[in-house]
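> Here it is: the structure, laid out below.
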Amino acid sequence: MTKLIVLYFFLIVLPFLVSAECGCGETEAQDRDKTKALQLKLVAITSILVASAIGVSLPILGKKIPTLRPENDIFFMIKAFAAGVILATGFIHILPEAFESLTSPCLGRNPWGDFPFAGFVAMLSALATMMIDTFATSFYERAHFNKALPVKDDSHVQGAAHEGHVHVHTHATHGHAHGSAFVSEDISSVELVRHRVISQVLELGIVVHSVIIGISLGASYSPTTIKPLVAALTFHQFFEGMGLGGCISQAKFKSKSIVTMVLFFSLTTPVGIGIGMGISSVYNENNPTALIVEGIFNSASAGILIYMALVDLLAADFMNPRMQSNLRLQLGANISLLLGSGSMSLLAKWA
């Protein structure tokens, strides 16, 4: 529901905001070719849609492919590469754009030039993401535990606890261990809740930036501006989709929810491009209102993606006991992380 509200806000409100008044200068006056720009925009819509759909679907469909299953080492390395792409997207692409928008000469010196609003909003966004992450997880945990184990009196608790204990016999040692079925079930439930919260918050951060960059591309009449964006966004959406798809596959949503999230991610940027094409005659990227709106939302998106990449994707996997006990997997994941972040950083030269 939250993601839908955010998307509807961009679809309905942003086009009116960015076209509300004249800007302080035209940036594409020397390179305007509407026919060629239109062709490139159609190519962008197709390539980004296909790349997004394939990227986000691969980890989900990968459950049927032994190599791509979450329990295999290759999945950790692919996820590390995708996390590197997401991290570089936040640091190298989105945050600098936010600083550029909010420190533009088209905005007044006071207050925009006197305070680093982009960094401030990114920090608040990261903190808000952490709070949502923890509160949502604890809320779902309490709801699950209360539903799974209704307790009325001590006898029920003792009975439930007794039923929960199991004996595990090992034929090799003829030993046994006492454990609690409820404990293992609760641990798996907590992990499932975490994966669901992570996937939803991550998609929200991706969606915010995807709409903005889609509108900017769709409103442009400059082929030299659009060309590098097509390649960069196709690459970026594919691997960003793989990171998101990995989270969705681990969250074990129902089929309807999975399809909704996949379609939502795949269509956001192409829809943004379509909106940009629709308002291109009145859109001005130097409009002070557009600069403020885009700068603030880019800052918020950067904060979300940086937090999610570092805390929920990288830290969670890199501190996993399985990776900690496997030096070869650690090296592979670190190399994949550097390749992902390096590749996405290199694209900043063109877009």
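Just so you know, glycine gets a Cβ as well, placed from its N, Cα and C.
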> Which one of these stretches, 192-214, 261-283, shows up in TrEMBL as transmembrane segment?
261-283
> Under 8 Å between C-beta atoms and at least six residues away from its ends: which parts of the chain pack against the transmembrane segment (261-283)?
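Result: 3, 7, 10-11, 14-15, 18-19, 38, 41, 44-45, 48-49, 52-53, 56-57, 60, 199, 203, 206-207, 210-221, 233, 237, 241, 244-245, 248, 253, 290.
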